Amino acid sequence: MIATRRYARRLVTGLLAASLWLGVGCASQPAAQSSGVVPAHPVSWGVFLPDDSSGSSALSVVTQMAGAPPRYLLQFAAIDDPVPFAKLGAAQAAGALPILTLEMWQPGAGVEQPAYALRRVTAGDFDAQLDRWARELAGWGQPVILRVNHEMNAPHYPWSVGVNGNTAKDSVAAWKHIRERFVIAKADRVSFMWCPDATSEGADDMVAAFPGVDSVEVLGLDGYNWGDGDGKSWRSPGDVFGQALDRLRGVDGEHDILIAETASAEGPVSGTDKADWIYGLFDFLATQERVRGLVWFQAVKERDWRFNSSPQAQEAFKQAVAKQSSG
C-alpha cells in the first residue's frame with residue numbers, strides 16, 4: 001500500500017509539471033502589461049464552472065476569454081451523488097486535470113449536520129459510500145485529484161473543526177480513514193489534496209489538522225478577496241495568501257501547492273481595482289515556492305467572482321495568463 005501511494009505522489013507531481021509545460025508550449029503574444037515582476041516560475045490556471053445557463057460558465061467561452069485552455073477543472077459532488085464520469089471525462093478530453101471535491105454532507109442543509117460528524121466517518125459509518133467512490137474511480141483508471149474535507153479550519157461545513165463536535169484530531173483520523181478506503185480499493189490514480197482555508201482565524205486548526213506528509217499527494221489552499229462591505233475589507237493577494245502559504249510550507253516541506261479556489265470582488269473603482277488584483281495575484285504566486293497553479297471560482301455567488309465581471313478584469317486575466325505562459 002505504501003508503494004501504491006508513492007506511485008500516486010509521483011503521478012500528481014508529474015501531472016502538475018506537465019500542466020506547466022503545456023502552458024509554456026501554448027504561449028501567446030504579446031505578454032501581459034502587468035506590474036513588471038518577472039515570474040520566478042510559471043503559474044498555470046484552472047477554473048470552476050457552475051452548472052448554470054450563463055455563457056461565462058461554458059468551457060469554450062471561458063477558454064476564449066482567457067486566451068488559453070485551463071489546466072485544471074474543479075468540480076463538486078456530495079457523498080451520496082453518483083460519480084460524475086461525464087464531467088470527469090469532459091475535463092480529460094479538454095486536456096485538463098480534474099480536481100474533484102467530495103463533500104460529506106447533505107447540500108443545502110446547513111453547517112450543523114451531526115449525522116456527518118467526523119467521528120462517525122472514522123467509525124466506518126460511511127464506508128459503503130466511500131467504498132463505492134473508491135471502487136468506481138479505481139475502475140475509471142484515469143488521473144484525478146480528490147479534494148476531501150476542504151477548508152476544515154474554517155466553520156463552513158459539517159466536517160470543519162469546531163462544528164458538530166469535531167476536533168483537529170478528529171479531522172486527522174477521518175482523513176486517514178477516508179484515504180485508506182481508497183488504498184484498499186487500489187485507486188492508484190486518485191491523488192489526495194489536503195486543502196485548508198487561508199483564513200488567519202483558523203491558523204492553529206490548520207496546523208493541528210494536518211494529517212502528515214505521508215497522507216497527502218498535493219496541497220491546496222482556498223482564499224478570496226471579498227472586497228469592502230459585510231464586515232469584510234479589501235485585501236491584496238499577499239494579504240490573502242502570504243501567511244497561510246508560509247504555514248502550509250511549514251507543516252509540509254515537500255509537496256506541490258495549488259490555490260484550489262480563489263477570486264476577487266470588484267472594488268470601489270469598478271473594473272480597475274479587480275484588474276489590478278488579478279495582475280497582482282499571478283505575479284505574487286509566481287514568486288511563491290512550490291505554488292504550481294490557481295483555480296478561479298467562475299461564478300456569481302456571494303459576489304460576482306467571475307474574471308469577466310468587467311471588461312478590464314477579463315483583459316487583466318487574459319494578459320496575466322499570457323504572461324505566465326510566455327514566462
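Every residue gets a Cβ built from N, Cα and C, even glycine.
Some features that TrEMBL has for this protein:
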ACT_SITE  GLU151  active site, proton donor
ACT_SITE  GLU261  active site, nucleophile
DOMAIN    11-327  domain 'GH26'
SIGNAL    1-27  signal peptide
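Taken together, the residues of the domain 'GH26' (11-327) have an average pLDDT of 91.
When the alpha carbons of GLU261 (active site, nucleophile) and GLU151 (active site, proton donor) are compared, the span between them is 10 angstrom. Sequence-distant neighbours of the residue listed as 'active site, proton donor': residues of the same chain at least 6 apart with a C-beta under 8 Å from its C-beta are TYR157, SER160, CYS195, PRO196, ASP197, ASP222. The DSSP secondary structure for GLU261 (active site, nucleophile) is strand.
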